[in-house]
Amino acid sequence: METAAAAVPATSSFSSASPEHQDGGSSSRRLSRLPARVAGAVVRGIITFVFAAVGSVLGAITGALIGLATESGLVRGAGVGAISGAVVSMEVVERSMAIWSSHDSGIWSVLYVLDVIWSLLTGSLVREKVDPAVQNAVESQMNAANSPFRDMAPTLADMFETGTAAAAATGMPAAAIEALPVMRFTEDTAVDAGGEPVGCSVCLQDFEAGEAARSLPGCGHTFHLPCIDVWLLRHASCPLCRRAV
C-alpha cells in the first residue's frame, strides 16, 4: 500500500513536467527559425526594392515619351509612368514570390515566374501597364486645360503671358484654319532621313502614305488634318512648341 501511494506523486510530478518540456522545445524551434525568417524578409525586401526601382525608371521613360503630346504632359506623363511602373513591379514581385513559395508549384509555375521576371526587366510588361495610365492622365490634363474653370487656377505661364500668347489661347476661326497649307504624305515623305516613321505629336500615330496633314507656318511642325484642326479651334498655337500660328 505504501509503495502504491508513493508511486502516485511520482507519476503526477512527471506528468506535470511534460508540458513545460514541450513548451520549451517549441520555443527553441521558433527561436532557431527566427534568423531564417528575418533573412528571408530582408532578401524579399531587397528584391522588391530593386524591381520597383527598375519599373519606376522604365515607367518614367515610357510616360515621358507618351506625354510629349502636350507641353506639360511630358512632366506629368513621366510622373504617372514612374508611379505606375513601381506599383506594377511590386505587384509582380509579390505574385511571383507567392507562386515560387507555394507547395504545389511545378515546372510551369517556375517557367511562369521566369517569364514574368524577363518581361519586367525588358520593360515590355511595364510599358503594357503604364501606357493606358499615362494616356488617361494626358487626356484628362488636356480636358482640364480646355475647361471653363481654367481661368480660376492660372498657371505660371498664364501669369506672365504676353498679348500674343493670350490671343493664341482663344483659338482660330474656321476660315483661317482652312487657309493653312495642306499636304499629303507619300511613302517617301512618311519617313525621316534615317528611314524611321514620322508621327503626329497629337495622336501619337505614325503618318501613312495618302494621309492629309497640315504643316504650321513659322515652326513647320506637321500634324494629322483632323488632329490639328480640332486643336486650332481652341488654341491658335502649335501643340508641340506653343508658337503662335
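Positions of Cβ are set from backbone N, Cα and C atoms, glycine also.
The region 'Disordered' feature in TrEMBL is assigned to 1-29.
Residues or ranges marked as compositional bias 'Polar residues' in TrEMBL: 10-19.
Residues annotated as transmembrane segment in TrEMBL: 41-66.
Along the domain 'RING-type' (200-242), the predicted structure has mean pLDDT 83. For 200-242, the entry in TrEMBL reads domain 'RING-type'.
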Legend entry - DSSP residue counts for the domain 'RING-type' (200-242), split into helix, strand and coil: 10 helix, 9 strand, 24 coil
